[in-house]
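A short worksheet on the structure shown next.
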Amino acid sequence: MGRRNRRATRHGESSKSALIDCHIPEEHFLQSTDPKEKTKNAGGAVEHTPLMKQFFAAKSDYPDLLLFFRMGDFYELFYDDARKAARLLDITLTQRGSSGGAPIPMAGVPVHAYEGYLARLVALGESVAICEQIGDPALAKGLVERKVVRIVTPGTVTDEALLDERRDTLLMAISRSKQGYGLAWADLAGGRFLVNEVDSADALEAEIARLEPAELLVPDEDNWPEFLRGRIGVRRRPPWLFDADSGRRQLLAFFKLHDLSGFGIDDKPCATAAAGALLGYVEETQKQRLPHLTSIAMEVASEAISMNAATRRHLELDTRVDGDTRNTLLGVLDSTVTPMGGRLLRRWLHRPLRLRDVLVQRHHAVGTLIDAAADADLREAFRALGDLERILTRVALRSARPRDFSTLRDGLALLPKVRAILAPLDSPRLQALHAELGEHDATAHLLISAVAETPPLKLSDGGVIATGYDADLDELRRLSTNADQFLIDLEQRERASSGIATLKVGYNRVHGYYIEISKGQAEKAPLHYSRRQTLTNAERYITEELKSFEDKVLSARERSLSREKLLYEGLLDALGTELEGLKRCAGALSELDVLAGFAERAQALDWSQPELDSAPCLRIERGRHPVVEAVREQPFEPNDLDLHSDRRMLVITGPNMGGKSTYMRQNALIVLLAHIGSYVPASRAVIGPIDRILTRIGAGDDLARGQSTFMVEMAETSYILHHATPQSLVLMDEIGRGTSTYDGLALADAVARHLAQTNRCYTLFATHYFELTALADASHAGGASGIANVHLDAVEHGERLVFMHAVKDGPANRSFGLQVAALAGLPKAAVTQARRRLAELEQRGGESHSAQMAPTALDAPQQFGLFTAPSSAAQEALQALDPDELTPKQALEALYRLKALL
């Protein structure tokens, strides 16, 4: 009993309350048996106590989940569950009784605070089965009946307390075939269900990086890509659950349809298989209907700008490379007022669109809000809006709480004001959103008349339904209300008749109404008082009059709560019929919140409306880095960018800390912002078609995959060379620095040539290899590769080094590496030694090395003399051929390839 006493004292509960409330005798804990630790009775059979039988029966259905086993005021965990929970939650691991001569490990959390513990477990990727007492302990003869009523997993949570209000919580399923992978994901808290198909593991990794699912379902098979192995939240399921035919049947049955053509997935078997597996898992864990999932949508990859996982990480969209979420693009951009608006903005940020018409409408809407000064009015109205999207989900799942109703009521009451703000605005998108808001006056009136102004947290507290809504409920409440005056009058009468001035009339939930007299006055108690309870310092009594009153009042209160629950269920039914329109309304309000936030940011930060051009170009005038500008105290130095068909690559040189990486990132972020519908931090931005943003910036060892810094660098570079197109924007920062000087220089040169000649993408190529600046001269000689030099400079002022942060045409003439080292605090002796060594190197071979590394044309690789007797590409291809293995057709194709290499 030591553990129970300690915990009960901490939570202010009786040490035996849980056992008494559950009618679980102490001996039910003793001699109980874990199946792994069997104890046999005299007949040789394994024997369990009633409590342990009940626990094992529930646990056997959910062997891989933590089981929260309700025992009165606590949820208990036993055996391995207890050990795991104690470690993850930092709660006490204790024991009670024994099993097979060994103690029974136990850990528990109080019911009134369990949501906090549950949230921590879910965040760690754990799933929990909630086993509740479904019988009334007061009526139970023996053990209280229990049943698993709910399963909480990282991807299926809908409770407000378990969710991040500004981030989607997604459940994803992945199937695979010879053609690639099928993905399905659902936001149960928001009512969204989507699918997609990708053709490679790289594309799959990019989608997972974009969506960041909390839970991932995959077939229990081998050879999954490495990035999935060991990932938190991955759950292996039987492979037969990922069958395309059964998935199709499951979707048809769920949506009550005859075909899936309306969803656009009839010819997507891999995505259909994933969707069926996901839907089956949701139905299995939620144990109820899911009326808020009304459709399934196919995401089309070509409609969005592609960004792989490395690009998202390098650009620090919502999380910095070090894991911090502050000082990110989202942190600067997010001016939304509502949680649902914040979630929509995050989705837009991670899926910038290529749909020019959609983006132009968004830009125009933002400009209209600014011109009409309507953004401030909208944002002020939205401050009282609440998270309608998730509230509607809880309404659909019939788990809405009283204050969800009042928040929904107050939100719907704002619609006339929002419509009035939008009505005069001349913007196609704003008028479309105005129409999507719909008319919900009847629903608003219902909630205004039915829900109390400030309802309690729980329905069981009573007082949720407004006075005047239901006559029967009002009558029952009058009985309870008049009870207070009756008790005051009774107390005064009894004090007068008994002569006991300290006599009190009170009530508690265990013993009901009572008359309390102190121990010192107890001998004066009238004869018609019947003792009800003895306390340390007082005696409590009951009289016939008080008993009669108690029966009447308690009956009225019970009937009042019962009536209120019935009316509450009626409200859920009524709202259920309006869900579709209300969901569209919530979606429109979310988008309006984002657009109004864009307008606020544009004005506060002096951003301008971008121009989306159909011609290939990327022209940015006086562009700034949105995050760096926001966090630094000094004015930000704006810079231009001009790329087009004849100028596709900039080789960027300059000192460390000069701003090369900032310059590259700011241009990528400006492009991204333009493609979500936002204004951009530039005086002007003209942006042609962009299909991908690919980056190779910075590096670090990937210890989990056993990859060095250089290996990570080469893997990311390889991805870019294989995927960049003439419409891609590529950022390359310091390629080759992770290996020896000559190897690094050779690789950097080869990568730059490949990007310029083969990929022909827009490229910002920052480097410390000054030899690469000769590529621009070779570009002019070759005529077609469009390479130019720009640099960022610094000036020495006495012993100080001042970085100018201005981008200028031409190559840098100094690196200032030693000056930067001195700024970093290297000992003066080390810097002096470095200066001497640099002078020796420059005198000994710097000039000849530079001459050797200066090719005159991009099509003359034989001039690049770093390696002994370099073979030509044609020679290498010819040596790789095996004539005996070639068919006539393959031989002819090989001949054409060889000719092209000459």
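Backbone N, Cα and C atoms are what each Cβ position is placed from, and that goes for glycine too.
Copied over from Swiss-Prot, here are the features:
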- GLY654, PRO655, ASN656, MET657, GLY658, GLY659, LYS660, SER661: ATP binding site (BINDING)
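Neighbour list (SER661 (ATP binding site), Cβ cut-off 8 Å, at least 6 residues apart, same chain): ILE697, GLY698, ASP733, ALA766. The record gives GLY654, PRO655, ASN656, MET657, GLY658, GLY659, LYS660, SER661 for ATP. Within 8 Å of the mean position of their Cβ atoms, the other Cβ atoms in that chain belong to THR662, LEU792, PHE803.
Note on ASN656 (ATP binding site): other Cβ atoms within 10 Å of its Cβ, all shown chains, come to 19. Annotation for LYS660 (ATP binding site): spatial neighbours ILE652, THR653, GLY654, ASP733, ALA766, LEU792, criterion Cβ-Cβ under 8 Å with sequence separation of six or more. Here the binding-site residues are GLY654, PRO655, GLY658, GLY659; the one with the fewest Cβ atoms within 10 Å of its Cβ is PRO655. The Cβ of MET657 (ATP binding site) has PHE803, VAL820, LEU823 as same-chain neighbours under 8 Å, each 6 or more residues away in sequence.
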